[in-house]
Amino acid sequence: MALVRWRLRRGNFHLLSRVLLLKLTVVIISVLLFCEYFIYHLVIFQCHWPEVKTLAHGDRQKPVLKAMFLADTHLLGEIRGHWLDKLRREWQMERAFQTALWWLQPEVIFILGDIFDEGKWSTTEAWADDVQRFRKIFRHGSHVQLKVVIGNHDIGFHYQMSKYRIKRFEKVFSSERLFSWKGVNFVMVNSVAMEGDGCSICSEAEAELREISRKLNCSREVQGSSQCEGEQRLPFSAPVLLQHYPLYRASDANCSGEDAAPPEERNVPFEEKYDVLSREASQKLLWWLQPRLVLSGHTHSACEVLHPGGVPEVSVPSFSWRNRNNPSFIMGSLTSKDYALSKCYLPFEDRVLATYGAAAVFLVVLILAHLERLPSSFLFGWKLRKMHMRG
């Protein structure tokens, strides 16, 4: 009789073990799917394109261009990039980017520099590997255009940059500086070359910008017809200036918001030509291009600044968890005359980690709850075995 009872309890033990294993598997898979996939849909689904005025132009309304702006992706390289850090950060950016494409369907995407973390010193082989990973993470359909601006981590600071690194970057991402679509002009500046010291790279970059300025002036019909004769006219629209370094500002003291720099860092003075462009370079860009809007990266934090002449600048926070807990990107609805911007936050890293922590606690409680139901089966079997051994 005792042996029958022991066999029943042993069968019950195996059943409880299988039930526990099934529950653990379901919980673990559910948490992984939520934290690594569904959470991106849940968060980005709540983002919406801002509305912009579409004033009638004759019998037609002005077309609206939907543009996404993100910055400082900092794909890790072979020197400073631990494999686990790479895996975690790049998966986060890939899921965020692909989910944003799915829900928001932008027409053009701009990345405002520091695409890579080690472009300034990477070897040819390491560069090729970084580019391959970039193309996988930021893959997109042919109906979407992706434009990239040079950052200091892509080619090095002014004293590190070389024509070789610039050509290597432009071979992959194009050397285009002026881009027009749906009546909206974008000027993409290599802000690393705005040192103003007369170096050959800097002189070429400034000459390019002066030529773009001339073309923009022709579209405004500022210059005489002789200077613009035979020129293919750009859309009559003040440009949007895109660059990595922000225009000159003393610090982030006037920046606010949950994704601005931490309070203890906001009053730290910025260094010209390192944290921001110099006063002189900033004045040149504003004078030459007369932009209606400036978007920049580099600081990894958000800020909105109003420059002389009423020109607004938006500093776009980093897109990567590696640089901040609450990454985001900017959504812009633009016409040739007007624009509207809104911000779309990505999942916060600490909340994802908290979800994993809560799941781990739940698993421990679940295991302990099942173990409390098992000792009687073990004890009964142990006693029965001892009785047989004595017999």
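Any Cβ shown, glycine's included, is placed from N, Cα and C.
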Same divalent metal cation 2 site per Swiss-Prot - residue from D72, D197, D350 joining D114, H244, H300:
D72
Which of H41, H48, H298, H307 does Swiss-Prot put in the same divalent metal cation 1 site as D114, N152, H244?
H298
Around D72 (divalent metal cation 2 binding site), how many other CB atoms lie within 10 A of its CB?
27
Which Cβ among the binding-site residues (H244, H298, H300) has the fewest C-beta neighbours inside 10 Å?
H300
Does anything in the same chain, at least 6 positions from N152 (divalent metal cation 1 binding site), have a Cβ under 8 Å from its Cβ, and if so what?
G113, D114, K120, V192, H244, Y245, H298
